[in-house]
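Below: one structure, written as structure tokens.
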Amino acid sequence: MESELNNLIKLWVLTTFSLSYSYHISAKISKGFPRLVSIFPVIFLLSILPFNIHGFHLGAAHVFVFSWMANFKLLLFAFDRGPLSPPPANLILFILAACSPFKIKEKSVKVLKCETPFQGNEPRVVPSLILEAVNKASLLTLLFYSYNFKQYFHKHVLLILYFFHTYLTIQFLLAVAAIPAQICLPGVELEPQFNAPVRATSLQDFWGRRWNLRVSEALRLTIYSPIKTISSRVIGSRWASLPAVFATFVTSGFMHELIYYHIIRKKPTWEITWFFGLQGVLVDIEIFLKKKLVATEKFRLHEAISGPLALANIALTAGWLSYTQLLRNGVDEKVIKEFNAIVEFFKRST
């Protein structure tokens, strides 16, 4: 545990220096390829540094935040786009924007006016974020405890528990990650990270407007929009979204492979890429049918049917291509051991 904390400190120190370089030097280089070249060493460092963290939750979270989200934001920054452009008023805001998986609501006037961090008299929402994190941590603790009896659970029940484990873990980590932003920027409002995924009415609605919205936004800016612009010149604007959607899902699959590689530490089997590639094909089919049938009012499936069908499809394909891979490599056992190690660490500390 101590060595893991030391690696975590090194990771954040090197990340801070790297982002300081990006803010003070790369930002002054002309946008486009020259700035991209100057940022490339930072992108390389952020891609490999999180792999020094071996714990499941801390390690996977840092691969997600640094190797994926921060790098995508830096790629956009190289071309003067995304949340880092124009650069915020100071380095603290730049680091927060790069490393925190949150988005500030546009109506938060204080940020638009580049007000200095830590100022403001508005009531802080930090206690509510802490309460949310505590609630999610409590539910995760109950899940961890239930894993001690997993030999009595049916395989499909375990898969359902692992799905909720994933959802609660993401919610918990995002709540924790938002706390520094609220401390530094009191009074601002943050966009929600999820939008009631279980109320999705279709696959397109689930992936585009409800599940992990910051990832959807990052993929939309870096992959979807550029490819749609290019494909519209080739096949026309009506169907330009189809190759863009598929490429976006495949890219998401590759980034998930990176996270899975950190968790499993074995040669990729590409199952998770197949999962997202399949979702991309199904979303494309959905878009095609909507334009051909729904838009022309020839046929419309009621939301009470299309929503459960979409969720069932995600659950079945995720269980087949995503969670089965984790179970096969004993990740569930690793998670249980990690939780027990954390409990023992705090017992010794107290």
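Every residue, even glycine, has its Cβ placed from backbone N, Cα and C.
The transmembrane segment annotation in TrEMBL covers 32-51 (among others). Sequence-distant contacts of the transmembrane segment (32-51) (same chain, six or more residues past either end, CB-CB distance under 8 Å): 11, 14-15, 18-19, 21-22, 25-26, 59, 62-63, 66-67, 70-71, 74-75, 77-79, 262.
Residues or ranges marked as transmembrane segment by TrEMBL: 85-104 (among others).
The transmembrane segment annotation in TrEMBL covers 159-179 (among others).
Residues or ranges marked as domain 'Wax synthase' in TrEMBL: 191-276.
The feature transmembrane segment is assigned by TrEMBL to 239-260 (among others).
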Task: Contact set, same chain, for the transmembrane segment (159-179): CB under 8 Å, 6 or more residues outside the stretch - done: 57, 61, 65, 100-102, 126, 129-130, 132-133, 136-137, 139-140, 143, 146-147, 153, 190, 193-194, 197, 212, 315, 318-319, 323, 326-327, 332, 335
